[in-house]
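**Student:** Let me give you the structure first, and then I'll get to my questions.
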Amino acid sequence: MAQSKQKIIVVGNGMVGHKFIESLVTHEDASQYSITTFSEEPRLAYDRVQLSAYFSGSTVDDLMLTTPSYYDEHGVRYLVNEKVIGIDKDAKTITTSSGLVEPYDTLILATGSFPFVPPIPGKDQDHCLVYRTIEDLEAITASAAESEVGVVVGGGLLGLECANALHNLKLTSHVVEFAPQLMAVQIDEGGGALLRQKIEALGVSVHTGKNTSEIVAGTERRYRMNFADGSHLETDMIVFSAGIRPQDALAREFNLTLGERGGIVINDHCQTSDPSIYAIGECALWDNKIYGLVAPGYSMAKAAVAHITGGDVTFQGADMSTKLKLMGVDVGSIGDTHARTEGALTYTYFNQPEGVYKRLVVSSDQQTLLGAVLIGDTSDYGTLLPMMLEKMPLPEQPEVLILPAVEGADNALGVAALPDSAQVCSCHDVSKGDIAAAVADGACDVASLKSCTKAGTGCGGCVTMMGQVLNSELEKMGVEVNDHLCEHFAYSRQELFDIIRTKQIKTFADLIDQYGSGMGCMTCKPAVGSMLATYWNEYVLSDKHIHLQDTNDIFLANMQKDGTYSVVPRIAAGEITPQGLITLGEIGKKYDLYTKITGGQRIDFFGAQLHELPLIWQELTEAGFETGHAYGKSLRTVKSCVGSTWCRYGMLDSVSMAVLLEMRYKGLRSPHKLKMAVSGCTRECAEAQGKDIGVIATDKGWNLYVCGNGGMKPRHADLFATDLDDATLLQYIDRILMFYCRTADRLQRTSTWMDNMEGGLAYLKSVVIDDKLNIGEDLEADMARVIDTYECEWKKTLQSPERLKRFAHFINSDATDDSLAYEPDRGQNKARIASKSMAPPTDAERIPVTIAK
Amino acid sequence: MLAETQIQTDWETVCQLDDITPFTGVCALVGEIHIAIFRVSDDKLYAIQNYCPFGQASILSRGIVGTVGERIVVASPLYKQQYDLATGECLEDPETTLTTYAVRVHDGSVQILN
Ligand SMILES: Cc1cc2nc3c(=O)[nH]c(=O)nc-3n(C[C@H](O)[C@H](O)[C@H](O)COP(=O)(O)OP(=O)(O)OC[C@H]3O[C@@H](n4cnc5c(N)ncnc54)[C@H](O)[C@@H]3O)c2cc1C
Ligand code: SF4
């Protein structure tokens, strides 16, 4: 008889509760447990760390960490809007707010924490809010709509994040802090002072050393905050962000041991004073410490899962160092930032003109690093953190670690010096050794490391370091670390693109003569052909370019498994007249072509023989159709929903925008194929967030998403910018696409391009929106040339009898390929050849090693 | 006399050199056989069977011509196996060798030895 399953109840479905569940259901013994989770909030776990992104356009769906279907699939029972209010430790049951009583064998408390609101008279009025849940953010948004001035009480990490949100909501914003400086917990006084300067420069007023004594009705604004020093400040709304308190109410009421100042006491296995009850995350107190960050919570979740399943991982505390960007200001805080360790010595570097402050705290014998503060430039964070954690010996002159690199001097300690135990990704606890192992197993670019180790997929702060570890490991393994296109060119694709652009090279022959060797091959020829086409946009079948074209491009059609071709005319945005459909139907019938509607909202004809292509295209062109470039590594389709012209929900005319985009970018040859989509509202019927470029209408304009992908490795697109007008939307897309064409690797989709990009989305934004590289106009000009020189390749081909000669199976006979034969299936032709085992990917299909510089 | 006639009938003209764009191929029908003829640089020609045993289709003349080390190869447009144009050997699977044919340019005509 099957043993009955062990019942596990998880109270709280926040970040850590979910992590626990996820780790348990993916454990090899998962089948022995039945899990139920209760959430007081109206939804399952979401990414609280990214909460502020909600203000910049992310939707609730974007923030979700899991879905009901994931839980269903793994047999996890979940009840939302259901608070647990009682525990009977003897009977081993819990009671919920709706009166449900549920038995447990093991109880997990993952109740998180709640915002601390100082006991100030007047704190409970309307427009006095907190910042922790999605509902809190909705309340803040609603309040901001009726306010002009906003105050955040608390100048810590969250407070500053919140002030930024108010600032972006166009309120005159203030931060009121009790301590004499900002971020007093994480950084020292000098760092705090520079941070303050930078934040004030952005237009947020900072008031330190202010103790609010009461909140009363204001004279000019809704409220007046009176401070203990006699001064005051008027405001319309107030958000309290004065720290968090562990949510330990259940433990308090039902007699689990608590710490003096709250928090549920746990041991190294995360067990509370009752061995069947565990506490994890921000509600737990370990070694008298509460951890207000998500990474330690995740480690606790793992330790609890290990203890329950008989594993041996324990919780051993966690480092609280952080690196973040606050209102565009880089801030890094490592270890003992205040030099509180006995005898600690400090080094400080302060570059006022550039706004950079760095401080090192070292042991009295100057042998080890104890802590560091970095403001304005956190590039050293990745090197300093492991030095502190691993107690690595300091260089002779520790100050070189923070001094700017001076020509000739090499002060960076390479990652090669780090021990395997050094943590690289703190969000997912991935060590240098884990990454090295993944590299040894064949992961050879940052994107694949991300997918197999999860490193770099949390806050993303460690991606640069991942790249460094990757390179050093590859070098160790004797892999030649180069990003050369192939044996014929000792340059990367990006370098070759720059050469073509700056040396104005127009043919493969000139390029290989001057910068390469040999004759070229199936790797470099199509790659160079594509770059020349992107930059010069010349006819790809001309004598000088034709030999560069791959299987499909060379006959402007897609070769199918039996050597016949498929034909796809452009149907921009999927919009077609009934007459157009009739014409297509007639052509399909006349040439006996298997006909199918594609995923990109167009019509695909299969089974055309080489000699038939010009005949078919002659008819298509006469009927007004253009080539659909289905054969090219180029823009395929811009999918659209019907949008505001017909749909009851449509915000803007998504079809017109999709037609505009498709007609603008058609013919653009790119490193890989490009797909776009435009949806008329957030219901997203066009699935734009799974496309390279996705556009979604809102009531204020267009939201632009980038680098999504469906297909083999789906990637949800990143929100790039919100509420754009038509002109800005096109400007951004021009720049993004051209930047992609210039910098991506061969056959790299935008999704992997983004995953491998140092600095990621923020970097792309800085290039495109802030024009940090000062190439914006250039990129636009390059795109304008492509748009201006567009010609339909089929139309041009039909005009050239010379070219048409190639479209015959035999050069010396009118006979056709007699090896072709079809069998009817569901009323249409089907290619005859039985399915064969596919050849393994060849070098040409593999993506080259990408080198992080 | 007899010997000369013999030579003339053995070389079959399939097209003019100008019909083949440098660095590309064409397919010729010689008897019942599909032969891929490639023009590499201005006047160097190679001929191999057009049928790709991996792709099971008559398509090799439509592949990209290039070099791997010193060897001149064509890549199958279907699954990208590469064949040495001089010997017919498949680089990915040396067990597989395609038939090669003698080819020449004679008075501007491309001829295959039948
Ligand atoms: C704006 C913001 C920014 C942040 N930024 C960062 C950052 O950059 N880096 C970082 O590491 N951390 C950050 N944090 C902190 C991080 O979000 C927390 O450490 C993490 O969410 C803690 O996870 P948890 O599961 O312990 O608690 P939570 O995520 O709060 O989940 C607890 C859940 O339990 C529910 N609950 C409580 N009591 C009950 C009950 N009795 N019955 C049923 N359900 C109950 C709660 O409603 C809640 O949904 C940030 C937090 C905020 C608010
Ligand atoms: S995305 Fe919105 S506008 Fe477009 S069809 Fe769907 S509901 Fe209508």
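Every residue, even glycine, has its Cβ placed from backbone N, Cα and C.
Since we're looking at a predicted model, the values are computed, not measured.
OK, TrEMBL features for this one:
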BINDING   A:Cys641, A:Cys647, A:Cys681, A:Cys685  [4Fe-4S] cluster binding site
BINDING   A:Cys685  siroheme binding site
DOMAIN    A:7-301  domain 'FAD/NAD(P)-binding'
DOMAIN    A:321-388  domain 'NADH-rubredoxin oxidoreductase C-terminal'
DOMAIN    A:424-471  domain 'BFD-like [2Fe-2S]-binding'
DOMAIN    A:560-623  domain 'Nitrite/Sulfite reductase ferredoxin-like'
DOMAIN    A:632-757  domain 'Nitrite/sulphite reductase 4Fe-4S'
REGION    A:823-853  region 'Disordered'
**Student:** Give the sequence-ordered list of residues that share a chain with A:Cys685 ([4Fe-4S] cluster binding site), lie 6 or more positions from it, and have CB atoms under 8 Å from its CB.
**Tutor:** A:Cys641, A:Val642, A:Ser679
**Student:** Would you list the DSSP helix, strand and coil counts for the residues of the domain 'BFD-like [2Fe-2S]-binding' (A:424-471)?
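**Tutor:** Taking the domain 'BFD-like [2Fe-2S]-binding' (A:424-471) as a whole: 26 helix, 4 strand, 18 coil.
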**Student:** Determine, for the [4Fe-4S] cluster site, the additional residues of the same chain whose CB lies within 8 Å of the mean position of the CB atoms of A:Cys641, A:Cys647, A:Cys681, A:Cys685; present them in sequence order.
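**Tutor:** These residues sit around the [4Fe-4S] cluster site: A:Val642, A:Gly643, A:Tyr649, A:Gly650, A:Ser654, A:Ser679, A:Gly680, A:Arg683, A:Glu684, A:Ala686.
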**Student:** Could you say which of the binding-site residues A:Cys641, A:Cys647, A:Cys681 has its Cβ with the most other Cβ atoms inside 10 Å?
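**Tutor:** Counting every other Cβ within 10 Å of each candidate, the maximum falls on A:Cys641.
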**Student:** Across the domain 'BFD-like [2Fe-2S]-binding' (A:424-471), what does the pLDDT come to on average, as a whole number?
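**Tutor:** Taking every residue in the domain 'BFD-like [2Fe-2S]-binding' (A:424-471) and averaging pLDDT yields 81.
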**Student:** Mind tallying the domain 'Nitrite/sulphite reductase 4Fe-4S' (A:632-757) by DSSP state, helix then strand then coil?
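**Tutor:** Secondary-structure breakdown of the domain 'Nitrite/sulphite reductase 4Fe-4S' (A:632-757): 43 helix, 35 strand, 48 coil.
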**Student:** Looking only at the domain 'Nitrite/Sulfite reductase ferredoxin-like' (A:560-623), how are its residues distributed among DSSP helix, strand and coil?
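**Tutor:** Reading the DSSP string over the domain 'Nitrite/Sulfite reductase ferredoxin-like' (A:560-623) gives 27 helix, 14 strand, 23 coil.
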